[in-house]
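Features of the protein shown, as given by TrEMBL:
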REPEAT    18-102  repeat 'Solcar'
REPEAT    115-201  repeat 'Solcar'
REPEAT    212-294  repeat 'Solcar'
């Protein structure tokens, strides 16, 4: 993609819209792959973060959930998780495409391929602001469904939505927005930064990053996912607790957990998250890059 330096004619606008549409579809497909690959371990992560007194380790949580609730229990919250991930990744990758173009223009890059890893990582941070706005409400519903048995509730997606609307109104759906932003903005800097660094290092001389193949793309995605979650996990623990309990502020809950339960409580559930992230982020990027390539050739 060569960036236009002219006055922005119709063909340039059409090209931007086409690129945006391709990013939207590819991000949507990537979001679906992300959920189905990682949902069981995401359920374990939320339970371990929210009920540390019930689950001393993630493996026990996984086996207990499977024994008591079966496969359905491990895929609890899949519908809102699909809504969350599809919405987040559709917005994230569409915004990422446009943010890259904006950053490239500001830094005087001739095209997106000549951007540095830092510039791509910064573009990911900007895109994360837009993604957080659609992610927060859907993730709120998902967390409540995943923690239903431990909180002694029998609930569905629609009953959770009605309850939030009745108790708090539309603003209630943005409970946990502060930790979501605190998680997403630095997290996606690390996510796209690590992904692009890996792709760069794995690209043979004389080839482009788009030619590294599925295995190297999956590996780069897995490294990106692990970088994301390692960097933002404490904010995610706070977010999960705020959304399940409906109480507390980000700063207050963060200091309370650190004081009463110790710093390591902020990393409770990190191991299953990293395992899940390898599977989910690898699947996400392979699906995104391959479907983007396919649509680019077709259209």
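Just so it is clear, glycine is given a Cβ too, placed from its N, Cα and C backbone atoms.
Secondary structure counts, DSSP: the repeat 'Solcar' (115-201) has 72 helix, 0 strand, 15 coil. Mapped onto DSSP classes, the repeat 'Solcar' (18-102) shows 75 helix, 0 strand, 10 coil.
Each residue in the repeat 'Solcar' (212-294) gets a DSSP state, and the totals come to 74 helix, 0 strand, 9 coil.
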